[in-house]
Amino acid sequence: MGQLFSFFEEVPNIIHEAINIALIAVSLIAALKGMINLWKSGLFQLIFFLTLAGRSCSFRIGRSTELQNITFDMLKVFEDHPTSCMVNHSTYYVHENKNATWCLEVSVTDVTLLMAEHDRQVLNNLSNCVHPAVEHRSRMVGLLEWIFRALKYDFNHDPTPLCQKQTSTVNETRVQINITEGFGSHGFEDTILQRLGVLFGSRIAFSNIQDLGKKRFLLIRNSTWKNQCEMNHVNSMHLMLANAGRSSGSRRPLGIFSWTITDAVGNDMPGGYCLERWMLVTSDLKCFGNTALAKCNLDHDSEFCDMLKLFEFNKKAIETLNDNTKNKVNLLTHSINALISDNLLMKNRLKELLNTPYCNYTKFWYVNHTASGEHSLPRCWLVRNNSYLNESEFRNDWIIESDHLLSEMLNKEYIDRQGKTPLTLVDICFWSTLFFTTTLFLHLVGFPTHRHIRGEPCPLPHRLNSRGGCRCGKYPELKKPITWHKNH
């Protein structure tokens, strides 16, 4: 009953909107009929012919949709990250960031610069390879570690690298790896060249390696950045994603002259501590942290102290467990995201190798509805042979995206219209339509209303029996044939 009252309160608004819908429907029907007549008359065909004859026709979908795109300058995004580029298909340069004046040069050569008899071997510690007098030493060591991790270098099984011997006169950073076939390096040359191609994104890298000697080395050394080549943001993404799963734990510095109980990473264990200062005849006790527990640590003969320690330890242990669990989950999430991103980049690299269109995550296209301002989700503008595809090469994708956009807009509009119609009005419309259909069927079938003497006028208001006589007995039975009639 309350729903019915609410419906009657909204009747003026419903009638007003229904009238508008009816007017729009009549207008659309009239306009559509007029357009059909004009189309059948051939007027539109003549105008189109005179307008388009001798001119090029651009392809459009609908009246309010057009193809638009957006381009990102990814080098601006990676200004503070390491970027790389290639020179002459044989030398790579890794630039630390936009403002750095130095870089690392990665190349393959047959010239022996370092000897195992004179230079030091690297045993999983690249910091010994950088001279202490080199400016930005810590950042250079970090970039070296990034490159080795990106190449998936195993210090235990792969050939041992050699570092430049540090002297007072030579402060150049050089790291040399023997990649030729030999003891401990079987198949390493093909593996490291393939990893370099994947990391720096070039299938034609080191194409002249066959011209070198039988003994070849991978050489990494520092150099001055002089804009030797143009940076590629895709290589920067490869370098960062290869190091995405890297995490390092740090230990915070503790007080030098303090006595406390800590775990492996420097976090305070549950409880407190006390310092006792002795004088000639007396002593002074000063407690820190949890004072009650600290005094219990000093004198733990009471059961209350044992229970207090247990409660405090359990509380701190649960907090430590929660923190460690959150850190592990975050690390796992970052690693999975890095693997997914690296998988996408590898798919694009395979597409480049097969000479098929691929995405370089720079330019994106989308369909914009200029009338409503709505647009589809951006999609990557594919690249083939270092150039973006022509619009005609993915016109089918554009058409499908436009259809999806229009369908989504129509569906949203339909849901909005459905929300403005009260449920009571729908029920009344349904039952009234059902009632109208039922009465229409009954009207078409019809029911006989009275008897009629065949061939004579209607005897109303008298009712006849089966023998043609009046039921009231006023008139005698005529014994004439009768029939049923619906109308008078």
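Glycine is no exception: its Cβ is also placed from the backbone N, Cα and C atoms.
The model shown is predicted, which means the values in this text are computed figures rather than measured ones.
Per Swiss-Prot, N-myristoyl glycine is recorded for GLY2.
The topological domain 'Extracellular' annotation in Swiss-Prot covers 2-17 (among others) and rests on sequence analysis.
For 18-32 (among others), the entry in Swiss-Prot reads transmembrane segment.
Under the heading transmembrane segment, Swiss-Prot lists 34-53 (among others), citing sequence analysis as support.
Annotation source Swiss-Prot lists topological domain 'Extracellular' at 54-58 (among others), citing sequence analysis.
As annotated by Swiss-Prot, Zn(2+) 1 binding site applies to CYS57, HIS462, CYS470, CYS472.
Taken together, the residues in the topological domain 'Extracellular' (59-427) have a mean pLDDT of 73 on the 0 to 100 scale. The topological domain 'Extracellular' annotation in Swiss-Prot covers 59-427 (among others), and the record cites sequence analysis as its basis.
Annotation source Swiss-Prot lists N-linked glycosylation site at ASN69 (among others). Mapped onto three states, the DSSP output places ASN69 (N-linked glycosylation site) in strand. Counting only same-chain residues at least 6 apart in sequence, those with a Cβ under 8 Å from the Cβ of ASN69 (N-linked glycosylation site) are LYS363, PHE364, TRP365, TYR366, TRP381.
In the three-state DSSP reading, CYS85 (disulfide bond) counts as strand. Around the Cβ of CYS85 (disulfide bond), the same chain contributes TYR92, TYR93, HIS95, GLN228, CYS229, GLU230, MET231, ASN232, ASN235, each under 8 angstroms and 6 or more positions distant in sequence. Marked as disulfide bond by Swiss-Prot: CYS85-CYS229 (among others).
For ASN88 (N-linked glycosylation site), applying a Cβ distance below 8 Å and a minimum sequence separation of six or more within one chain yields no residues. According to Swiss-Prot, the N-linked glycosylation site annotation covers ASN88 (among others), on the basis of sequence analysis.
Annotated N-linked glycosylation site per Swiss-Prot: ASN99 (among others), in sequence order, evidence recorded as sequence analysis. In three-state terms derived from DSSP, ASN99 (N-linked glycosylation site) belongs to neither a helical nor a strand segment and is classed as coil. Around ASN99 (N-linked glycosylation site), no same-chain residue at least 6 positions away in sequence has a Cβ under 8 Å from its Cβ.
Taken from Swiss-Prot, the feature N-linked glycosylation site covers ASN125 (among others), and the record attributes it to sequence analysis. In this view, ASN125 (N-linked glycosylation site) is surrounded by 11 other Cβ atoms within 10 Å of its Cβ, with every protein chain counted. ASN125 (N-linked glycosylation site) carries neither a helix nor a strand DSSP state and counts as coil.
The N-linked glycosylation site annotation in Swiss-Prot covers ASN171 (among others).
Residues or ranges marked as N-linked glycosylation site in Swiss-Prot (evidence: sequence analysis): ASN178 (among others). Under the three-state DSSP scheme, ASN178 (N-linked glycosylation site) falls in the strand class.
Cβ neighbours within 10 Å of ASN222 (N-linked glycosylation site), excluding its own Cβ and spanning all shown chains: 22. Annotated N-linked glycosylation site per Swiss-Prot: ASN222 (among others), in sequence order.
The annotation disulfide bond is assigned in Swiss-Prot to CYS274-CYS287 (among others) on the grounds of sequence analysis.
The highest number of surrounding Cβ atoms within 10 Å, among the disulfide-bonded residues CYS229, CYS359, CYS380, is found at CYS359. Around the Cβ of ASN390 (N-linked glycosylation site), a 10 Å sphere holds 9 further Cβ atoms from the protein chains shown.
In the three-state DSSP classification, CYS359 (disulfide bond) falls within coil.
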